[in-house]
Amino acid sequence: MWLLGLPWALALLVTVSSSGPSAEAADRASIFADLSPAELRAVRTFLMERPELGLSPSQGGPLAKNSLFLVELLPPRKRQALRFLEHGGARPPREARAVLFFGAQAEPNITELAVGPLPRPSSYRPLPLKGGRAVPFWARPMTRREYELLHQALVAALAPLEPLLREATGFGFQNCSERCLTFSDIAPRGLGPGERRTWLVIQRFVEGFFLHPVGLEVLLEHRDPDPRRWAVRRLWYNGRHFGSVRELAESHARGALPLARLPEPPAQRLFSSYEPRGRFGTPTEVHGAKVCEPQGRRYRLRGNRLEYGGWSLAFRLRSSAGLQLFDLRFGGERVAYELSVQEAIAFYGGHSPAAMQTKYMDAGWAMGASSYELASGVDCPETATFLDAHHLLDADGPVRFRRALCVFELPTGVPLRRHFDSDFQGGFNFYAGLEGRALVLRTTSTVYNYDYIWDFLLYPNGVLETKVHATGYIHATFYTPEGRRYGSRVHSHLLGNIHTHLVHYKVDLDVAGSGNSFETMDIRFENISNPWSAGARDWAVGGTVGGPGQGWDRDAPAPRLTAPLTCPRYHLAVTRRHENEPSSSSIYTQNDPWDPPVTFESFIRDNETIEDQDLVAWVTVGFLHVPHAEDIPNTATPGNAVGFFLRPFNFFDEDPSVASRAPVIVRPLDPPACSRLEIRRWTPPSPGPCVHPEPFTYNGTYRQV
């Protein structure tokens, strides 16, 4: 059986057996590989040359145009993939998913196409969402061109406020050179379907500008494809609302406006920068501990196939939503068909309009394509293998993201297992231990202010861990006394707004075939008769196993908010797998949260049986973040990580890590004196010069002195 380990101790249980690995693993994995730059170019060229589509370049030009927004792999249908992987069937045709914005027509919309076969595409077909729903044009993700036009419209609209901004901040929008203002935009972009009105937080453009709001927030209407019809609809300045730019400017001109005067930012050691300041009690000018591989790498990476110990899997980095694993096997036996990130959500509270409006759904910001370069020795150990990624998102060709992923073996710092067997006379019968190691597959998503570090960890005892760390800059707003109810004052003019982080995963457990069932195990105390003492009562721990027959969710849902928020309302939901339910969210949910094309609630409300079916577990993990002064300059990773485990449960006859040749066993040859020891190792006595060169030694005594 395999167990899905979660903080609240739920389990997915299925019966399995094991078999050996196949020699063609790397070739099999290629059906899940991301599109190559050549394939991305081929898809774009093919679509751009289709006269009926009338596509224009993505960059420049008007918004009212037809353009190609996204190209990424369209994974094969599961049934086709399994026939190929397991039964030597035909290789599934390789296809691309293409997202097109049709803005140059009477009824603008967004259309998705399946394009293939690759590497030389010759046809396309509609790729409908569940229910065949059309995606309205106003639900589209933001593009670089729309941001350019948004900035131009904002600068022009706020020109009457330049005296106010210069006096209060020393920065401006007009002819600003190195003392410019910028903005961060908030989503959702409105309060109901069809709206595209965005609150913009005005900030000083200095290092770490997310922590430098100036007290001005602007609501800008930009639904119309013609930016000449865009307009500022409302403003908030230093705790007060204004109906127009003119009203705010006139209030300042009359001297009736309390200004939020900001101090001049220092030239060095700005509080939002990473420049060192202060001192520790111990020196930090020298290098700390490092990871090393004294005898070389113990994992194998061939294309997108990763092998380590008993593990093997295929992986890809989706532009839309991030890491996606396929065909996960241990000991040659598949334990999951897919394990993938679906969505990352952050809901904020606040007193200012921007703060109370902020409900980020990061798939709508293409968090998979926000995978910027990883730094060796910081983001990943120097020993890591780094991999590039290529995305075609809001661009006129593939874009290379250097070192976007890394793979490395990590000493966990705690033994995988160990035991000291005391003789209770100041000595021991034996000591045995196995070092803790895990293989890590990592990438990051920097979605504007926040950085998410995404990890999948493979352990030699058949356990897989998913983990995400949150770091980067907090989403902060201008401090007002009323805002204290919704966060902490983290700097003189800065409020750290309270928020939740919720991350959603898809877990398609698929072992011993795709026909699985779902069970829960409940533990309780029982009041029983003591069998060896007549009349006495005692407490015992008992367990029951059971499972509902229909789609299942953990705990009753919270009060309904909006339709797309249903996926994080459940810690765990189990549904039958359907090809038209590949993801619990979409890139359109952020800008159409009221009536989104993908609604997770429909996955679990169809009353389907989940006994002996192909099942998917949808898992939500998260935490509440109350910002504090120590989040300056950035939120630190300790204490800001969540995840879950896949664990074998009566799958093996014993812990499979007994196959490891890395244990240490120490036995005294002259007990109880313990002056002569037998030390047994199956690896070289010294791993090499990158760690302490002396061979392993052990004493194990605890005697009075």
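Backbone N, Cα and C atoms are what each Cβ position is placed from, and that goes for glycine too.
The following features are taken from TrEMBL:
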ACT_SITE  D362  active site, proton acceptor
ACT_SITE  Y450  active site, schiff-base intermediate with substrate
DOMAIN    39-123  domain 'Copper amine oxidase N2-terminal'
DOMAIN    140-240  domain 'Copper amine oxidase N3-terminal'
DOMAIN    290-526  domain 'Copper amine oxidase catalytic'
DOMAIN    569-657  domain 'Copper amine oxidase catalytic'
MOD_RES   Y450  2',4',5'-topaquinone
SIGNAL    1-18  signal peptide
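Here D362 (active site, proton acceptor) comes close to E343, A344, I345, A346, S445, V447, Y452, Q590: these same-chain residues lie at least six apart in sequence, with C-beta atoms under 8 angstroms from its C-beta. Across the domain 'Copper amine oxidase N2-terminal' (39-123), DSSP helix (H, G, I), strand (E, B) and coil residues number 20 helix, 27 strand, 38 coil. Note on Y450 (active site, schiff-base intermediate with substrate): other Cβ atoms within 10 Å of its Cβ, all shown chains, come to 24.
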